[in-house]
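What Swiss-Prot records for GLY156, GLY157, ALA158, GLY159, VAL160, GLY161, LYS162, THR163 is ATP binding site.
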Amino acid sequence: MAVGHVIQVMGPVIDVRFEHGQLPALNNALTLDIERGEGNTTKLTLEVALHLGDDAVRTIAMSSTDGVQRGAQVTDTGAPISVPVGDATLGRVFNVLGEKIDLEPELDGTVRRDPIHRQAPKFEELSTKVEILETGIKVVDLLAPYIKGGKIGLFGGAGVGKTVLIQELINNIAQEHGGISVFAGVGERTREGNDLFHEMSDSGVIKKTAMVFGQMNEPPGARMRVALSGLTMAEYFRDEQGQDVLLFIDNIFRFTQAGSEVSALLGRMPSAVGYQPTLATEMGQLQERITSTNVGSVTSIQAVFVPADDYTDPAPATAFAHLDATTNLERKLTEMGIYPAVDPLASTSRALTPAVVGEEHYEVARQVQATLQKYRELQDIIAILGMDELSDEDKKTVSRARRIQFFLSQNFHVAEQFTGQKGSYVPVKQTVQDFKAILEGKYDHIPEDAFRLVGGIEAVLEQAKGMGVEV
């Protein structure tokens, strides 16, 4: 094993010089021991990012560099960072290096470990079949359906409900689907990760889930690589066991943000809005590995933070290009008390075609969107002149659009403690029939408020009865 020594420390970036001819390869993991006094030491892992010349390398630290001194001895492990894979990881919580961070015993030394850097599957190995993944969430299943083995993005600014939606999807899909899930917490709140772990333990889903965290308080190196650690675990289940795996990533923006934090320290010239010039390449390397092959599939659901609600920001804009379906969360809808605050006109899916979802579903979805679009166009007239100035046809459109808008909201299982209402799972067939009935005017006599935060149309009629309306 080659041994070098530290020549410079710049926050999370450390330069190391090796003997001539012993330079470690890019992406290799290096280790060094930090003295903590009283004979205690902690191990720090570095990843080689650049070759500087003069037998020196520039590395990114995976944990805090406090206490690192120039001249400290560094050892090349001769291989990239590797994480445990296989059934032993299920029900467990790991960090970016594959070290356990739960209260369970250490993993057996015989557990297989795979490197986190690898090539994406070859073009001819990719699967092309398109099949719908039912989520039980009306607005998603009707207007922007998810694809099994596809990539799905949940876009939204701060506090519009991305994490709650991802938790509901874990609850619905992981329990209904019964397969294996991997959750990668990338640069998000530790509290949310803790809550999620306990919720999954209570529901029993944890037994089929591996969790990897590199949270907000950790250095950029960990946040930059933890998505790859989670993906490596998912790839094993796909490639070696032929499973259909669910990969949840919360939040993909933090992966980009971590790259941008170290980019300047690595000596790269900043690009648009100060992001790293390698933004598209880094995103591509991650996203191209999240795919379905002829052996098994990885369905990924990724939360994407939108800085200042600006969708033209390079980070969310780069992620858009890789996705099969997008669910856009809109702040205006949260202000109206519509949860999940999914924008029915901005959300998209390449599966919303008659060939995939069927003629009836497609027609109902397009009619719902057309009604909501017409309502949006009429809102300016209503704001200036009031409802009375509209034609009878337009009044009917507005009345139905408002019912549709409220009916697109839904009570979530994971939000029971906030709403006091039981969560609901609505099958796709029922969703299509319910919206078809609203479009046909069968429920024009039911008050708008009865449509808020409910599951199926039966729950609407129940609420209406409670309001004293003849159903």
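All residue numbers here begin at 1 and follow the chain in the order shown.
Each Cβ is built from the backbone N, Cα and C atoms, and glycine gets one as well.
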Would you mind pulling the DSSP three-state label for VAL160 (ATP binding site)?
coil
Other Cβ atoms within 10 Å is the metric here; tell me which of the binding-site residues GLY156, GLY157, GLY159, GLY161 scores highest.
GLY156
List the residues of the same chain that sit at least 6 positions away from VAL160 (ATP binding site) in sequence and have their Cβ under 8 Å from its Cβ, in sequence order, or write 'none'.
LEU329, GLU330, ARG331, THR334, ALA341
By Cβ count within 10 Å, point out the most packed of the binding-site residues listed: LYS162, THR163.
LYS162
Please list, in sequence order, the residues in the chain of ALA158 (ATP binding site) that are at least six apart in sequence and whose C-beta is under 8 Å away from its C-beta.
PHE305
